[in-house]
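As recorded in TrEMBL:
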DOMAIN    A:8-190  domain 'Tr-type G'
BINDING   A:D20, A:H21, A:G22, A:K23, A:S24, A:T25, A:N137, A:K138, A:I139, A:D140  GTP binding site
Amino acid sequence: MSEQSDIARVRNFSIIAHIDHGKSTLADRILEYTGALSAREMHEQVLDQMDLERERGITIKLQAVRLTYPADDGQVYTLNLIDTPGHVDFTYEVSRSLAACEGALLVVDAAQGIEAQTLANVYLALENNLEIIPVINKIDLPSADPERVRGEIERVIGLDASDAVLASAKAGIGVHEILEQIVSKIPAPTGDLQRPLKALIFDSHYDAYKGAIVYVRVVDGVIAPGVRMRMMATGAEYEVVEVGVFRPRMTAVDELRAGDVGYVAAAIKTVRDTRVGDTITNADYPASEPLPGYRRMNPMVFCGLYPVDSSDYPLLREALLRLELNDAALRYEPETSSALGFGFRCGFLGLLHMEIIQERLEREYGLTLITTAPSVVYHVYLTNHSMVEIDNPSLLPESNQIERIEEPYVKASIMTPKDFVGNVMELCQEKRGAFIDMQYLDETRVTLLYELPLTEIVYDFFDRLKSGTKGYASFDYELIGYRPSQLVKLDILLNGDVVDALSFIVHRDKAYQRGKLLCEKLKDLIPQQMFEVPIQAAIGNKVIARETIRAMRKNVLAKCYGGDITRKRKLLEKQKEGKKRMKQVGNVEVPQEAFMAVLKID
Amino acid sequence: MTDGLVFSESPRALYVHIPFCSSKCFYCDFNSYVTTEAVRKAYVESLLNELTMVHNEYFGVGARPQLQTIFFGGGTPTLLTIDEFERIAKRLGELFVQTTETEWTIEANPASMSLKKAQALLHMGVNRISFGAQTFNETLLQVIGRLHDAADVEESVRIAHDVGFHRVNLDLMLGLPGQTLDDVDESVTRALQLGISHLSAYGLKVEENTPFAKWQKEGFLHLPKEELEVAMYEFVQTRLRASGFEQYEISNFALPGEEARHNLHYWKNKPYLAVGAGAHGYVHGLRYENERSLVKYEERIAQKVRPIAEAHVVSAEEAMEDTMMLGLRLQSGVSREEFRQLHGKELDDVFGPLIKSLCERGWLLQDHQRVWIPAQYNEVANEIFALFVGYL
């Protein structure tokens with residue numbers, strides 16, 4: 001059947017772009033141009049399927065789609081487009097999609113030029129030996145300067161940009177040429193139909209009727225319904241029920257062959273069997289070696305997630321299990337807080353990843369959650385010469401047992417217009433950064449290299465960077481190891497009791513100021529109670545800051561409204577509704593935001 | 001089903017709404033209109049018809065049940081003419097039995113009370129007058145949009161007393177824009193000098209769709225700080241107690257035996273009839289609200305239909321919550337015996353754990369007879385009421 005394509009006429013590619021540089025719009029135009037969807041069926045940004053993605057204008061989960069393209073050479077090609085997330089938090093997802101491709105479009109905004117995160121993804125693609133096709137997008141903007149950007153691509157990345165496509169995804173300019181370059185420049189997949197089946201799982205999702213559905217790139221051999229397949233890492237075996245491709249809706253086909261990208265359904269009930277990065281083979285004719293797979297990304301930021309309503313705990317566990325299925329970077333384990341009850345300590349790749357998981361849990365599963373302030377993983381060396389990893393500040397051992405604490409450091413590269421270099425350096429200084437290097441990209445743009453404690457990046461670095469550079473700076477970072485620091489644990493006491501969920505670890509020199517600001521912030525966030533509530537910040541037994549929430553003095557309805565009891569009742573019900581998102585800690589009602597207040601105090 | 005009286009007891013209280021004023025005060029969101037004599041006359045006709053309809057529906061044609069309390073509220077009921085009052089009084093006399101024990105209150109604006117009208121009202125059987133004095137400070141009276149001055153209040157109370165009204169209430173407002181503790185002192189002092197038997201002290205609440213709400217939004221309304229308003233309230237409590245008044249409800253003070261029995265019906269979650277545009281009644285477990293618009297109200301009555309705009313059937317649980325939410329406003333709190341009579345259940349069997357936890361925090365007190373809010377939590381009582389609402 002026509003779905004079966006000759007491997008020589010298959011092209012697998014992804015799109016690398018910085019947020020806002022027009023990746024989703026370009027993907028839409030390509031879909032439209034190849035007739036995968038008619039213009040009428042198109043609604044903006046088809047590939048970004050999650051509501052959350054469309055609202056935030058970013059891609060979180062990768063998506064795949066299969067296109068048919070009759071090229072100028074008279075041949076009909078099958079193009080598999082695998083979408084990639086653009087944010088630094090999702091590097092892991094990017095590496096997954098790149099591993100399933102032979103080429104990538106590098107989309108750069110004709111006005112803004114290359115950004116730090118784009119650079120990171122390009123290097124990832126180069127490491128994977130992908131053919132890169134530069135596309136200079138938004139050339140119809142008044143501020144576009146395609147020649148400058150062309151020079152930048154050559155100088156900064158070292159790619160030949162003489163053939164770079166000048167495009168405007170929005171206006172539909174350059175789409176034909178992009179497709180032609182995909183066909184002519186990106187190599188066809190190499191793969192052998194005769195060899196034993198090897199298919200890389202690069203994603204999956206759970207379908208209530210079909211069980212877990214795995215997204216695969218077939219490297220060798222053929223997979224079809226009836227085949228007994230084996231997951232090489234877990235050893236689990238299933239009979240294939242259906243295979244298909246994304247056009248972009250899931251469409252069943254007879255078989256998937258070497259070079260193809262598609263999905264496999266096999267009534268897989270145990271979601272843990274479908275490990276992303278694993279290799280599928282044919283149980284009756286198995287491959288001897290699995291594909292290299294992925295390096296599992298280690299979460300860098302941890303926080304506690306607790307349901308406001310404690311009876312939602314089982315639902316939260318179920319929801320995390322579902323999300324973990326296709327988000328291998330998400331980690332969680334049960335934990336208990338004396339203030340918040342039962343919940344989970346969760347690990348994320350970064351702050352955005354954390355926010356998105358939290359939002360998905362709230363939106364898709366109807367949960368109301370309390371998130372504790374994020375923490376990095378500290379290496380705590382004890383006087384008995386052992387080392388413990390601490391990702392929850394409240395678990396930090398007593399100071400007399402601690403010999404030293406080491407914290408994770410990152411190397412951050414920050415691209416900024418040179419006018420803002422002063423602001424950026426000031427920010428990095430304040431964030432305990434060590435200056436490494438400064439390079440001019442051209443006359444107007446600079447890359448600054450700093451070594452910074454990861455925890456300082458977690459705390460509002462990105463927002464401050466953006467506001468200090470009028471939104472022009474971009475940045476990327478990589479972990480470079482652990483270094484000893486003068487760190488202390490700061491406890492917060494409400495009404496005299498330590499609230500474990502509010503404890504955090506901070507540099508000694510900043511402890512006093514942070515403690516003071518946090519007490520002030522909490523005073524604003526926590527509503528007045530019927531009694532006076534002291535807020536204290538303490539290191540060990542020593543109180544370093546104190547604020548007081550005065551007792552509520554007045555909340556009463558005097559009038560009887562000529563017997564209108566319903567109105568009285570409604571007012572009280574409304575008042576009660578406002579308290580639903582609060583957690584009772586001891587006798588004090590604490591709103592959700594208070595637990596994140598530490599993030600917002602600089 | 002509950003065995004209590006809450007849904008079966010016949011109403012013994014009647015509220016009559018007179019939705020007319022000479023002008024609208026800037027804080028007021030009650031249902032009232034500034035309108036013409038013709039409109040008022042037509043309204044009285046409709047009101048008479050509604051009285052008959054309500055009577056016949058709940059008691060049957062020809063029955064003459066006894067009323068314990070009647071309350072004419074507004075608006076400004078004293079804007080009605082003597083003739084109009086007499087027509088209403090006549091109809092009431094045909095439908096209900098009133099005795100010397102019946103408390104009949106009328107709300108009055110100080111500027112709208114003449115000697116003749118006072119005499120006529122007393123003659124009809126009205127035995128209690130409630131004046132909306134609000135404050136004795138001339139500037140403040142203008143700030144809140146009242147048409148009378150402080151001397152009008154004194155004159156009106158004097159007339160009422162001279163005519164033979166023994167029971168006179170004054171309303172005072174606290175927390176008015178620019179009000180000081182001295183103003184409150186002066187108002188309370190002058191009120192007490194008049195020899196009244198009852199005083200209500202209300203905190204101003206800015207209601208939506210009033211001039212005050214608009215000014216507040218625009219930043220022109222400068223209300224006293226919370227601390228000051230609390231100090232005003234505490235000042236009133238102290239001064240009235242020293243003058244022999246008892247505080248029997250969050251906003252209400254009376255000489256012994258002079259409590260407003262009509263309002264006690266509300267606080268004790270007893271049923272009450274209501275007639276008039278925008279009036280709220282509660283009969284046999286049904287809370288109803290009449291049409292607020294005069295046109296709609298009169299249309300419905302012309303069609304011989306009760307002019308009910310919204311109605312709500314109270315569940316047994318909601319009724320028990322209401323008993324708490326309302327009863328705890330009283331200084332005497334909720335009586336265990338009265339709860340049992342109303343709901344056929346023991347108070348502790350229904351709210352035991354909540355009452356226990358609140359007693360542990362000191363937010364409630366209890367003994368074998370009753371449960372009440374300690375005086376120091378009067379001003380934050382909503383926090384406690386809210387715990388009962390939706391508890392069941």
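Backbone N, Cα and C atoms are what each Cβ position is placed from, and that goes for glycine too.
Predicted, not measured: the structure shown is a model, and the values here were computed from it.
Mean pLDDT, taken over the domain 'Tr-type G' (A:8-190), works out to 79 on the 0 to 100 scale. For the binding-site residues A:S24, A:N137, the greatest number of Cβ atoms within 10 Å around a candidate Cβ is found at A:N137. Within its own chain, A:G22 (GTP binding site) has A:V107, A:D109, A:N137, A:K138, A:A169, A:K170 as residues 6 or more apart in sequence whose C-beta sits under 8 angstroms from its own.
Under the DSSP three-state reduction, A:G22 (GTP binding site) is assigned to coil, being neither helix nor strand. For A:I139 (GTP binding site), the same-chain residues 6+ apart in sequence whose C-beta sits under 8 angstroms from its C-beta are A:A110, A:P146, A:L166, A:A167, A:S168, A:I173, A:G174.
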